[in-house]
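Quick look at what TrEMBL lists:
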COILED    70-104  coiled coil
COMPBIAS  298-308  compositional bias 'Basic and acidic residues'
COMPBIAS  309-321  compositional bias 'Polar residues'
DOMAIN    105-162  domain 'COS'
DOMAIN    164-268  domain 'Fibronectin type-III'
DOMAIN    268-473  domain 'B30.2/SPRY'
REGION    290-332  region 'Disordered'
Amino acid sequence: MDAQKEALQRIISTLANKNDEIQNFIDTLNHTLKGVQENSSNILSELDEEFDSLYSILDEVKESMINSIKQEQARKSQELQSQISQCNNALENSEELLEFATRSLDIKEPEEFSKAARQIKDRVTMASAFRLSLKPKVSDNMTHLMVDFSQERQMLQTLKFLPVPKAPEIDPVECLVADNSVTVAWRMPEEDNKIDHFILEHRKTNFDGLPRVKDERCWEIIDNIKGTEYTLSGLKFDSKYMNFRVRACNKAVAGEYSDPVTLETKALNFNLDNSSSHLNLKVEDTCVEWDPTGGKGQESKIKGKENKGSGTPSPKRTSVGSRPPAVRGSRDRFTGESYTVLGDTAIESGQHYWEVKAQKDCKSYSVGVAYKTLGKFDQLGKTNTSWCIHVNNWLQNTFAAKHNNKVKALDVTVPEKIGVFCDFDGGQLSFYDANSKQLLYSFKTKFTQPLLPGFMVWCGGLSLSTGMQVPSAVRTLQKSENGMTGSASSLNNLVTQ
């Protein structure tokens, strides 16, 4: 009995679910039916408006042509009426003269006859009938105002509903990725003069090949593009690839999307490593700022904890146990006068570029690269494992390249923003004015270990720009740079600091 009840309950539950499913489907159909009725009504209204517009144009053209015909009729009628009036006057005068001449033939007196003859001769000479043109000034031909609308009728007979535009085709060969900009070019598979504009959509991804349905970012939309090419500028390349697709739109509807295209947008992205930075540095993802109280406050906390636990004074240094977990391993935090912070991503191959901007009141800072083995007391440029350029605005202004405790003064103006180019495989580290792309200095060496971007700052702050491609201007300069700039070897003959 209980088993039958359970089976019946399952059947009832199944039927109830099915009824809900059917009811939901009926609601969907009703909603769709309502949409069909509303959309059909809207389309019919638009159709009436379009035909009313055509009728209005035809009425205007018809009225204009009727006026032209009436004006031509009036002009010719006026010319002919004028000629008829002139001819009637001439005929009347000629008939009167004829009657007078006929009567003069009956005059018997010679003198009187001679006088009449002279009058007749003078009047004939002056008669308008002999000066009148007997050719019509206008013809009755009106064929120049006839019409033939056979082609227009054929064109009207071809009126049909607006077709949905076909999907455009993106041409990867014509697309360009350079200088953190992407130019996308496409074409229509066949000419379509009804297209009003295009819609371009793009999104970032770390997957090569066709876009994935799941685990992807939302598409970003650029609307109302009139041409068949568009350039996105000022991008941060913080993903390996970007997907692109485009669709054509006419007045009524947007067509299907093009086949998506994936373009490579790989660039070096890194943040600053807060786990090993000097305690006097306030570090965020891409910003670092000198904080004179940072070390003292942290040091006091550490000392308090150590003294509480042991009862004896602890050494004046950062406790290993107090440090946050290191991202890159177990290296010590920079200390002493090494106000240093490194990047959190190692460079092991390839060409890379990033930019650094210092605060206006920054008294001293360095920008460069270092091996992971850089010691916690080591300063950038003062070891054989680091290379940098150093700016000093305290007491005296200096601008120099540093490596292995050797210094080369740079006779150029310190730029507002410094661009760093690292060619790991080519063993080259170059610094540029990020705005003008003027070369400041180049190191030429052989990198034997992975590199980390390195930064030193005292009394001021730095901000980074990463996710950047190597600029085209820098690539061009690299081709002609070898042999024209300084190198690490040239620092061996300079002053040791």
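Every residue gets a Cβ built from N, Cα and C, even glycine.
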Beyond the flanks of the coiled coil (70-104) by at least 6 residues, Cβ under 8 Å: 113, 116-117, 119-120, 123-124, 127-129, 132, 136-140, 142, 145
Across the coiled coil (70-104), average pLDDT on the 0 to 100 scale: 90
Secondary structure content, the domain 'COS' (105-162) (per DSSP, counts of residues): 31 helix, 0 strand, 27 coil
DSSP helix/strand/coil residue counts for the domain 'Fibronectin type-III' (164-268): 3 helix, 46 strand, 56 coil
